[in-house]
Amino acid sequence: MERLGFSVVWCGAILFTSSLLSGHTGVQAVFKMHKLCRFCDFRPSTCNATGICLSNCTINSICEVQDEVCVAAWHRENMTVETVCHDPSLPFHGVMLDDYNNTKCVMKQYKALDPHFYICSCTTDECNDELIFTPRDVIQAVPIVLIALLPVLVLAVLIISVLYIYRMRALHQLRAKHGHKGPAHSYSDTCTIIGRDDCGTTLTNSMNHNTELLPIDLEILVGKGRFAEVYRARLEQRPCATGRAPFQTVAVKIFPCEEYASWKTERSIFSDAELRHENVLHFLTAEERMVEGQYWLVTAYHARGNLQDYLRARLLSWEHLLQLGSSLARALAHLHADRTPCGRPKTAIVHRDLKSSNVLVKDDLTCCLCDFGLGLRLDSALSVDELANSGQVGTARYMAPEVLESRINLENIESFKQADVYSMALVLWEITSRCTAIGDVKEYEPPFGKLQENPCVESMKDSVIRDRERPDIPNSWCKHLGIKEVCMVITECWDQDPEARLTAHCVIERFNALQHVDLSPEQKIPSDTVGDEK
Ligand code: ADE
């Protein structure tokens, strides 16, 4: 109290000088000012240590000593607040103040002194009137959280470092092995995408979800379709493979970004694992090549190319006809089936663009069905509207009459299969037309070959519906008993009435029966006259 009395008197003398000088910056810069602080010593307080508490002290004092700062102390148990001037070079209640350069009085807990004791110091006028409490939980929680998270952070950094080192070493070894100068793409997890099972067939995922793209080098263009181009390409094998060729030849079908829908349809058809069949193109993976603005489908590569080009260049033996015809029927029957050969349920699929250029010839001289860009999964959930919206699709030359007329029976999903069977009949006719067993074999011609190169729907309607035309089957062909039976199969498959057509499954059986037909020796054509380029 003695000090308070002195201060009030002193105040009278100095306050005048102070108020004259305050606001006069030039003078302030020259003379260091005595601070003006709240100075009530101890007062009762209602502060609850949250937000800002007011000191409730109405007495101001110009500090006696020039270096003194404003100080406030709050005691939780006593519920008192103390406001004073204090020289920070001296201890205050036994502690050295370290926040006296602050402009505001931010309360600090001095636990070592007394856990209920908070002190703040500051340098601006009356700054110890407002006692600022920062959220205690935050202040206390930060170090606790940091300490708790430290092992997790250290572990994460360790794992990332180990993975990074492992990957860099694998890449390094790979480059050393292949003398690779630095690929545009690296191996990533090729093995998990394309591996081989015990039978040597390639196992696949439907989509390459790795951020890194497969290490594929495109070689030559081998096909050009409506939606995409097909390239022969080299897929580098992953380094872990021992005794395996350093690359695998694959086909890459490249869709420009405008044909995204086609890529998506074909990918969705291929991604059904139950589609796998020896006569259906083997799918490896799909990739979104964002940098090039392209969508890729990576599949098996068949060096003999498509059936149309193959037939254009070669004559076939009777045995070869049987092999091609029956394998094509097996491929279509598998596509249409709603069960796998093992009896597992499978979604039936229709191709809707079956033609000789969408069939590849495998090395074992069997057919391989490809190009599922117009395929449709006959999901039981598909509504009639959805089927109707799928529209009139395909290639006019190979379209069944009911498709040409857009009169397909949407109530019955079998109708879509019947339309595929019609198209298959035309392909079987093309195969037969190039078989030496028919006698005099002409140059290759597509079905309805006299029509222009890409006949439109209207001219096909004139031929197929109005004139009920079908490709010619001369009587001379039927001198060969086997060919005669094949021609009967073809005729039953292109019937005007979709319901009257054979199923693909029946066609297999008819071909199977033909394997056992004992042809007379004169009907057998010596095999060394066929199979060569014409
Ligand atoms: N043309 C289209 N697809 C092909 C493939 N997978 N192999 C060879 N030629 C093709």
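Placed from the backbone N, Cα and C atoms, the Cβ positions cover glycine too.
Per TrEMBL, these features apply:
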type     : residues                                                                       : note
ACT_SITE : Asp353                                                                         : active site, proton acceptor
BINDING  : Val222, Gly223, Lys224, Gly225, Arg226, Phe227, Ala228, Glu229, Val230, Lys253 : ATP binding site
DISULFID : Cys37-Cys70                                                                    : disulfide bond
DISULFID : Cys40-Cys57                                                                    : disulfide bond
DISULFID : Cys47-Cys53                                                                    : disulfide bond
DISULFID : Cys63-Cys85                                                                    : disulfide bond
DISULFID : Cys105-Cys120                                                                  : disulfide bond
DISULFID : Cys122-Cys127                                                                  : disulfide bond
DOMAIN   : 216-519                                                                        : domain 'Protein kinase'
SIGNAL   : 1-29                                                                           : signal peptide
TRANSMEM : 141-166                                                                        : transmembrane segment
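Residues Val222, Gly223, Lys224, Gly225, Arg226, Phe227, Ala228, Glu229, Val230, Lys253 make up the record's ATP site, and a Cβ search at 8 Å around their centroid adds Ile254 from the same chain.
Taking the disulfide-bonded residues Cys40, Cys63, Cys70 in turn, the residue surrounded by the fewest other Cβ atoms inside 10 Å of its Cβ turns out to be Cys40.
The highest number of surrounding Cβ atoms within 10 Å, among the recorded positions Cys37, Cys53, Val222, Val230, is found at Cys37.
Highlighted here are the recorded positions (Cys105, Cys122, Cys127, Ala228, Val230) whose C-beta falls below 6 Å from ligand 1: Val230, in sequence order.
Rounded to a whole number, the C-alpha distance linking Cys127 (disulfide bond) with Cys47 (disulfide bond) is 17 angstrom. DSSP assigns Cys37 (disulfide bond) to a strand.
Annotated pair the residue listed as 'active site, proton acceptor' and Arg226 (ATP binding site), C-alpha to C-alpha distance, rounded: 11 Å. Taking the disulfide-bonded residues Cys57, Cys85, Cys105 in turn and counting surrounding C-beta atoms within 10 angstroms, the largest count is reached at Cys105.
Relative to Cys37 (disulfide bond), the recorded positions with Cα atoms inside 10 Å are Cys63, Cys85, the candidates having been Cys53, Cys63, Cys85, Cys105, Val230. Between Val222 (ATP binding site) and Cys85 (disulfide bond), the C-alpha separation comes to 92 Å.
Around Lys224 (ATP binding site), the same-chain residues six or more apart in sequence whose CB sits under 8 Å from its CB are Val230, listed in sequence order.
Take the CB of Arg226 (ATP binding site) and look out to 10 A: across all protein chains shown you find 11 other CB atoms.
Counting Cβ atoms from all protein chains shown, Asp353 (active site, proton acceptor) has 21 others lying within 10 Å of its own Cβ.
Look at Asp353 (active site, proton acceptor): DSSP puts it in coil.
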